[in-house]
Structure formats: C-alpha cells, structure tokens
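The structure follows.
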Amino acid sequence: MNVNQQPPMASPYGQPQPGYSQPSYAPLGGGYPGPYGPYSGPATAYQPGAPQGYSTYASFPSKAVPANPVSDLPSPLELGSARGPPPVSTNQAYSQYAQGDIQNGPPPMDHSMAQPAQRPPVCQPYSHGAMNLSGPHPSYPQQYGVQPSMQQMTNQMSGMQVGSGPLTSAGPGYAPPSYTQAPHPVSGAPSQPPPPSEPAAPQPYYDGPPPSQQPPFPSSAPPPSQPFPSSSPYSGPPLPANPGPLQSLDNSPSHLAPSPAQQTFPNSAPPPVSQALYSGPLPPPDLALSHLPCIPCPVPCRPAPSQPGPPHFHSGPLPNAPCHPLYVPAAGQPPFPLAPCSSLLSLACMEDTQPSRMVSPPCSNPCTTSTRPLVCAFGQPRGPQPGYAGPQYPGQQNYGAVPAPTPAPTQKRLDPDSIPSPIQVIEDDRANKSSEPFTTGVKGQTPPLVTTNFQVKDQGNASPRFVRCTAYNIPCTADMAKQSQVPLAAVIKPLAMLPPDETRPYMVDHGEAGPIRCNRCKAYMCPYMQFIEGGRRFQCGFCSCVTDVPPHYFQHLDHTGKRVDCCDRPELSLGSYEFVATVDYCKNNKLPQPPSFIFFIDVSYNAVKSGMVNIVCQELKTLLDYLPRENPEADSVVRVGFVTYNKVLHFYNVKSSLAQPQMMVVSDVSDMFLPLLDGFLVNVNDSRMVIESLLDQIPEMFADTRETETVFGPVIQAGLEALKAADCAGKLFLFHSSLPIAEAPGKLKNREDKKLVGTDKEKSLFQPQSGFYSNLSKECVAQGCCVDLFLFPNQYVDVATLGVVPVSTGGSVYKYTYFQAEMDRERFLNDLRRDVQKPMGFDAVMRVRTSTGIRATDFFGSFFMSNTTDVELAGLDCDKTVTVEFRHDDKLSEDTGALMQCAVLYTSCSGQRRLRVHNMAVNCCSQLADLYRNCETDTIINFFSKYAYRSLLNTPTKTVRDTLVNQCAQILACYRKNCASPSSAGQLILPECMKLLPVYLNCVLKSDVLQPGADVSVDDRAYLRQLLSCMDVSESHVFFYPRLLPLVKLDGGSLPMAVRNSEERLSKGGVYLLETGLYLFLWVGANAQQELLSNIFGTPTFSQIDPNMTSLPELDNPFSQRLREIIDSFRSQRSRYMKLMVVKQEDKAELIFKHFLCEDKSASGGASYVDFLCHMHKEIRQLLS
C-alpha cells in the first residue's frame, strides 16, 4: 500500500465489505464480540454463494471461534486468566492516563437490549459435519442457531462403531470431509433464536420414543434466511445480578476457580443442558481422562457424580453433539453424550508425541472437540419441557423435577489470547534465550528467534546472523521429506553486519598458495575436515575424499585426533571466516581495480519540479566524504563520476586540473558510447572543488527545462561502458522519475491494466515488457556493474521492467511515490546515505556445497545465474540475502548429519579479492517428531513468501495462494497423523515450534502482492515483490507481522510490551506505535489524555495535532526523549528508513493504518486470524480423511 497517496474514502476496513451480507442471525445489542460467545447448535442449512474476495479457498465464517490449537510444551500453557497472570499479549492497563471508550475486552452488556430466551422447533434439517463455507458470514455479534433434533442425533450415532476401545485419531463422531460443518453462531448473552415462520413437521425418532410435542413459540421474527433486526427489548424474567459460584466438575484439584480478572456479565441468562434419552449408568471412569488439565467452565455444569443429589438425566435433542465426541456404550444401551466443558479456549499441552488435550469451545467448523467426557452443558435457555419443573430464575435450571443444588455462574467471554499468540511466543523466547550467549558448537540446535536480542559465540557453525535454516534436524530420506512437506532451505546473508559485541570474521592469508581445498569437491578447509595419518592427510567432510596436506600447512595431531593448532586457526575452529584470494581467483588472472560509483541524475521536468534534483545535488556534496572504505581513518579509494539525462545524456569532465566542469552531450542514444575517458571517473579529494562547482550548477542549468520525456536503457549502457573503459567493477546510482517513453533502446509503454488483476493474465503485469533489460543485466553482471534505482514516480513507471537490472545485478530499488521535498526529503536522504556508505562487495560469485545426500537445487534473491550452481552478483551488500533450497539425492545418516558450506568470492571496496566462507552442520533424523521439534517458523515463512512471490511470474495468483494453503495444511496434517497421539478429529493440534505457522501464513496470503486492495497499484506490487526477494528473516518477520507497541510508560531502557495486531487492542485513551519495516505509524486515540499529548506533541488537545508531521517535536521531557530514542532505534535496525506517519483516530489516514492490523479481516477480502485458523483445520481434516 502506498502511504503517500490519498486513501480512498471507502468504508473502513472494519465495516462489512461487499459479499459479507448479514446472516440470518439477529445481532445482539450488547454482550460479547462475535467470536467469543457460547455455542448453541449448528446453523439451519447450508447457504451457497461465496463472498467477494475469497479467491483462494472457500470463504471463512466471520469471526468464528477458533480451533483448539494444541502445542508441544512439556507443561500446560497457562493462557486462561484462571491460571496466574494474564498473557503477555493482553493489553496493559493504562494506569497513567484515563481510558477512552474503546476497551480491550468485550463491550459492556446493554441490559436494555437483551432478549428473552426461547426455544426453536425441535425438528430442523441438519447435515452432520456440514460447514458453511460459502454462505453469508455472520456478523459479530450473532444470535444462536437452531438445535438439531434427536432424530438426526440418533441417526448420526447409529452409524458409529459401537465399542469401548480407545479413541481413534479421528475421534468418535468424526464426519467425512466431503460434508461441511455449518458455522456455530456465537453471541454474548442468551438471546432469542428466531424460529422459522412455519415449523417443520416433526420427524419420527429412530429407535426411540417420539419426542414430546410442544406448541411453537409465538414469534414475529422472519425466517432464518432473512436478516433480523439488530436487537429487541428484553422482556423476560429478571436475570441474576450476582451469579453463584462455579459448579465443580469433579473432585480433582485441576478444576480451578475462575479468576476475578476475567470479565463476567451478570445479566446473561443461564444456558440449558444438552439432553439425551438415557437411563443407564454414567460412563466408566477410565474414559474421564481425569489426569488431563482443565480450565474453568464458564457455563452451568451438572454436578459431578460425587456430589450429593440424584443423577440428572436428559430428554430432548442434543444441541452440541455434532461438534463433540460421543461416548457410545455397549450394544443395547442408549448413548450418553460426553459434552465437553465449554471453557476458555486454551492451548492443550503436548510433550513431544504424547499430547494431552484441554477442552475448548466450539468454532465455526468442528475445530474444538475434546476427548474429555466432562458433563457440562451449554446452549440456549429453553421453555418449559416435559419432565421439567420449569426454569428457575435466578439460578440454575432443573433437570427432571429435582431442583438444582446450587446457582449457576454467568457465561464468560472467551479469551482471544487462547489461540497461539505471536506476542506470547516472542516474549517467551526473549525470557528464555536472551540472557545466555548462543554458542554454535552444538550441531543442529535451533537459534533464538530473530525478535530476541542475543549474543552469538562462534564455535564451529556459522552465526544465525549469517545463516538461518528452516529445519535444524532434516529427514534422512527423500520420502520422509516429501511426506512432511517441510521445506529444507537456508537463508544466507553472507556479508551481514554484526553487533559491536561480536567479532567479525577473521581474515586468513595462506600466501601465494591460497586456501586449502578438497581435491575432489573443492570445499574449503573447515572444522568438518578430519585429519588422518598423523596429520599428513585430511578426509573431506563433504565428499569423503582424502587429500594430502601441503607441507607448509602440516601440523601434528593430539591424542583426540585434532591438530594441536586447531584453536589458533579460524578455518579449523570457527563457522565463519575469510581467506585472502590469490590471483588465480581473479578475473583474467589479474588483480582487480578499486570500484567506482557513478551518479545518474534525471533532469526532466518532473524531476526538477519535485525538488529531487536540487536535493540530490546538495546532498552529494557532503555524502562523497562518506564513501565506503576498509580503514575508517584512511580515505576511500572509490572513484566517482556524474551524468545527467532526459532524452539525451550529459557527461561531465571533473578532472582536478580544470577550473570549471565540462559537459559533453550524447544525443545519439541508440548507439551509446563514452565521450571521454580521462576526467570522468575521479578521486573525490583530488577533484573536490570541481565536483562541488558542478553540483551547484546542475539545478540552475535545468531549472527551466520543459523536457518531459526520458530514456532509461541507454543510461545503464553508458555506466556499463564507463566501467568497462576503467576496467573495474562498480555501482550505478540512478535517480529516475518517469516511464521511459523517448525513442531509445529499452523504450517502454504504459501497460497498466487493472482489469487483468485477479485473472490468469495477471502474471503478465509482473513480467518485463521485453528481453532488452534481461540481456543488459547479463552484460552488467559480467562486468561487475551493480545498479541501484531510486524512483520518484507520480504515475505508472513499470517497476516490473525497470527493476530487472537492479534485481539481477544485486542492486536495490527505492520508490518514493508522489515525492514531496518537504515531507519525503528525510526518508530519501537517509536511504541514500545508507546505500552509499554500507559495506559491500563487487563482482561476486557464490557457491553452496553440501555433503553427500543433499544438494542445492533452487535459489532466491537479487542475482544472476548462468549455470545451475554459481550465483553471480555484480554487487553484494550487507543487507542482501540469498535463499537456497535443498533436496535429497541420496539417503542421509543420523550419525554423520548433513553439512553445508557457502563460499562467496568478491572484491572488497578497497580492491582486494576475498573469499568469505560460512559453514553449517545440522542433524538428520529418521523420526518425523524430531523434524517438527527443530523447525524455525520465521525462516519457513521467509522461504514460502519468496517462493510464492517468484511464482507470480508464471502462475495465476489464485493458484499461488492455493498452493501455499495446501502445503501448510500438509505440514500440519503430517504432524497430526504421525507425531500426535490419537485424539478427536475435532481438535487442531499444532507442533510447538510451528504453532504460529497459520497466523504468519495468513499474513503472507493477505499481503498486497498476493491479495491487493483496490488502491494498491501494479507498480507497488512489483516493488514489494522485488523488495522481499532479498529480505532476511528479521525484516520479513516485521514486514508480514508488524510490531504494535502501546506507549503507556516509557520508563527505563526496556520497550513496552507489544500487543497483537488487531483493532480490538486499541484504546481510545492510548497512543500506539506500529512498525511495518517500511513505515512507522503513530496512532493517537481520540480520548488520549492531555498530559500524554503534551509530552509527545507539545499540544494538550487532540484536534491541534498536525497529522502531516513526519517527525516528532524535540520536547524537553523524559517521555518525548524516550519515544524518539525508540523510533531511532527501530530505524537503525532496518535497511530502509521508515517514514513516520501520525494517524489520528477516525481520520481518513486510519484506513492505511488498519491495513497493517493483520489479525483482522482486510478490506481486500483477507481472512482474520481466527477464520483462517478454522479454515486451516478444515483443510487438515480433509487431508487426514
């Protein structure tokens, strides 16, 4: 999304979009938000029709209650507020300033809008296991759906296998995936379900007595197929103001009392109990699974058998049976429902392959079945039933004619933090792994997350700052890898910058002999080489070939078989190091010249008018003092040159002996040549006076230009010719403003066509218009000519084509749409300064070698490949990554593991030829559980996104999205099938290290590249696609899941705890900072406290805040100083300068801000986190069936 353009005045992202029609449930005036209410039975019927925007898969139920994710922890994850302190991702209380209207919990119940509870007709059409995936989505809040009849329940149960054996992996009551489950509407308080206008005729019960006939309840509501009024006045009996204590489920101490911190709503009527015809004994105790942890039941529960009082039996339909397992007794006995406790949705806890499960609430498809046969009921309050003494208000309903012993508690809001929280995972990792240094000596250990600040000690494997793997324990066989579908890849950042407290790779110089290598596979000497025969030979760890040790490198071995100088040589003891390359590693066997920088400035009408030309010229006068250099004390040896252009090119002679610069014009752009050799590329210090004179004159010379047309291809050709003439590598800096439509090689036409978006021809928008720039990039790579492109467009410029040369040469593209000097100057100049100063290598070649059994098969990034093994980069800077995918070509051994060595040959900015080597050893496993225990989700998402974005060049977007969802489902289904202990099919079980895979994958699917909004241009999508291709894991993480910080208290050096990316987390009384990796948003609530506004903006009132400010005022108070420090710290961590945007609540710019709240539904049709989790569970169940 382009943050510089005016946002369209469309409906806010939170409002219903086209296709999200109101369902057949009446919204409740108050109560819980939609996703967090009690379940009351399946919907009445399947409703066809897909909402707009859901192209990848069937539509998701709106704000459905999520699945019950099961994690892999050795002990229960205490996410319910009944267990100790609240989760870290919950909003912090705003203690210093008053809260506004928006709160983080559910809205307060409007008692005047509550509705009396009534019961719908008993007999309704019902399809077991059906899920509404294409009908209208229930808005939140919702009312309850109607209940299934006993006929359908007994029909369902009659098809089950009767027995008392252990539960299967599918679980009892598992529905075939060919059916779909109707969404379970949820609500905040019991409300009146509107029955059909004409009740259906009762169906005869199967193998049982007929039900008691009941007169239909009078209702004026329309039939379920029509929308209902939002609310109606409450006219029922008085509701209890002080609910009674929670009923104990059994005598186990694991049943905890609800925490007072959890919100309760005293005015909600008690729900009823599931009913079934039953006259036999209770289920055997061995099925009670009493050893499993439990969390408080927020709904009335039947007393446990140990409690005094007669047993409570049921008569009537089972409202919740389709979504929950049933205990089926021996033949001849009627079934008894094992309705699970409707609890706060909690992560069940799993120790490796022995998951224990917590019960969880129902969701929009059967995601939350529990194997625990707790006797607990939930649903709607009902009218008088035969055999009942009538409802007892206030208090608990009676079963039969026996009064209930204790009053029931009110229903509680489901905790949204019970589904896997990225914030919780990030905070847990920081708490566990930030205190101790991460030592790389242990093979196959998973490093801390990229969001954790940690120190690395190199002890034989490359630092995770250089190499991150998707899995650190890879399958031994190709069949096992194919079965799991976990990608085997490494994200390599060869020249990554290290923190000050870590040592940069040591330099090793073996003199004229050069680095020691294996004779067969040419792997470089590393800690994996095994010395034998007293040190006279060594065996390669990659190919097992034995090579003689050169005499000058010989050293004796100690009693363990290691060389006695092992610890003194970086190549024998460290994972990352550098060799000084000899002349044999140089092009044409000749040592390279220092590189050159050439600046090409567009001086067309648009460029001059925007102020870009003046800003560039003024900045270069000081920036040339900061050209890259090896020694900070010495002068840079990089030479510079200058060219301006529009339809023609102007070359400048800035030789030091000249009093004034000389301009030479080349108008024949069809056959580009260099008009001068001497005086074009010069040393800055020698020609400083002439250069400054030139930079002062350029804005004046072209101030009155009327030339609007530009060329582009000949500009790159000119730079290439200049580097060829100087026989050196280098970088071209292009400052360009418009589509090159002038007659010249590389001329482009405007091909932007929004009608192609969403069609099979959409892929053509990401492909270059012609092969001219692809051929040109090949020539640039051969010469070591890297291109960085700074774009300043006001309209379509075809980034997909203009970016071909920068992407292929290892360069970068920067884009400043609608550039305005006063607003975008700071961002542009910071990007330019960092781009000029950052360490980089030139004329680089990278090769990845692996041990026997695997090989590198695919590469992603900004580079060129002329063969299948060598990655060629005209330039390689400290921000660029190369992602490598591996595949099996033989069986691996658990004993030896797998090895990888990345070697990069490059020319430093001082002109020295070097080899940087990174080594990585991982374990191999024959058990899938070991694979799933050692994966890194952030790296997997980085790989998936790059794979998907590259696929857009040849594959329709819908197919790309489908492929991502399918592979993610296969990964989780394989874990469920092979690693998790048998459990109900209704449970979603996630491996501990992959429990965030669904939320992060949903962020990828909702990104502007794969699912653009109406205001996202084709150029923006092409720009983001190219940008992501060389992102490292830390930048892709914040790019897909931005960081949202509440600015409550900024005391001390620590950051405030982040909150999850959802509008529900925002308080009107607060101020929040959102970091996306490209932008910073400062969101200000409408009711923010005056003191807070004064500390940040220097104004006490909300209306006086200037939304156009791009930097905060420097105020003399600790809060302002600390906030500006945080912003500066965030910017220093990213490769692009993040522009600050102030967003006032309910301002039009808030649409852009909400676009990045990735756990909510997006305006372009992207699913919310909750909805996607349920959809993912449905996909997993289909695969398992």
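Cβ atoms here come from the backbone N, Cα and C positions, even for glycine.
According to TrEMBL, the protein has these features:
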- 1-282: region 'Disordered' (REGION)
- 11-27: compositional bias 'Low complexity' (COMPBIAS)
- 89-102: compositional bias 'Polar residues' (COMPBIAS)
- 140-161: compositional bias 'Polar residues' (COMPBIAS)
- 191-227: compositional bias 'Pro residues' (COMPBIAS)
- 248-267: compositional bias 'Polar residues' (COMPBIAS)
- 515-553: domain 'Zinc finger Sec23/Sec24-type' (DOMAIN)
- 592-836: domain 'Sec23/Sec24 trunk' (DOMAIN)
- 841-924: domain 'Sec23/Sec24 beta-sandwich' (DOMAIN)
- 937-1036: domain 'Sec23/Sec24 helical' (DOMAIN)
- 1055-1127: domain 'Gelsolin-like' (DOMAIN)
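What's the neighbourhood like for these features in this structure?
Counting same-chain residues at least six beyond the ends of the domain 'Zinc finger Sec23/Sec24-type' (515-553), those with a Cβ under 8 angstroms from any Cβ of the stretch are 460, 508, 561-563, 571-575, 579, 581, 849-852, 899, 901, 903, 915, 917, 919, 921.
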Using a cut-off of under 8 Å between C-beta atoms, tell me which stretch among 592-836, 841-924, 937-1036 contacts the domain 'Gelsolin-like' (1055-1127) the most.
592-836
How does the model score the domain 'Sec23/Sec24 trunk' (592-836) in terms of mean pLDDT?
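In the predicted model, the domain 'Sec23/Sec24 trunk' (592-836) has a mean pLDDT of 95.
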Summarise the domain 'Sec23/Sec24 helical' (937-1036) as counts of helix, strand and coil residues per DSSP.
64 helix, 3 strand, 33 coil
Which residue counts does DSSP give the domain 'Gelsolin-like' (1055-1127) for helix, strand and coil?
24 helix, 12 strand, 37 coil
Which residue counts does DSSP give the domain 'Zinc finger Sec23/Sec24-type' (515-553) for helix, strand and coil?
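The breakdown for the domain 'Zinc finger Sec23/Sec24-type' (515-553) reads 6 helix, 11 strand, 22 coil.
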In the domain 'Sec23/Sec24 beta-sandwich' (841-924), how many residues does DSSP call helix, how many strand, and how many coil?
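Summed over the domain 'Sec23/Sec24 beta-sandwich' (841-924), the classes give 0 helix, 54 strand, 30 coil.
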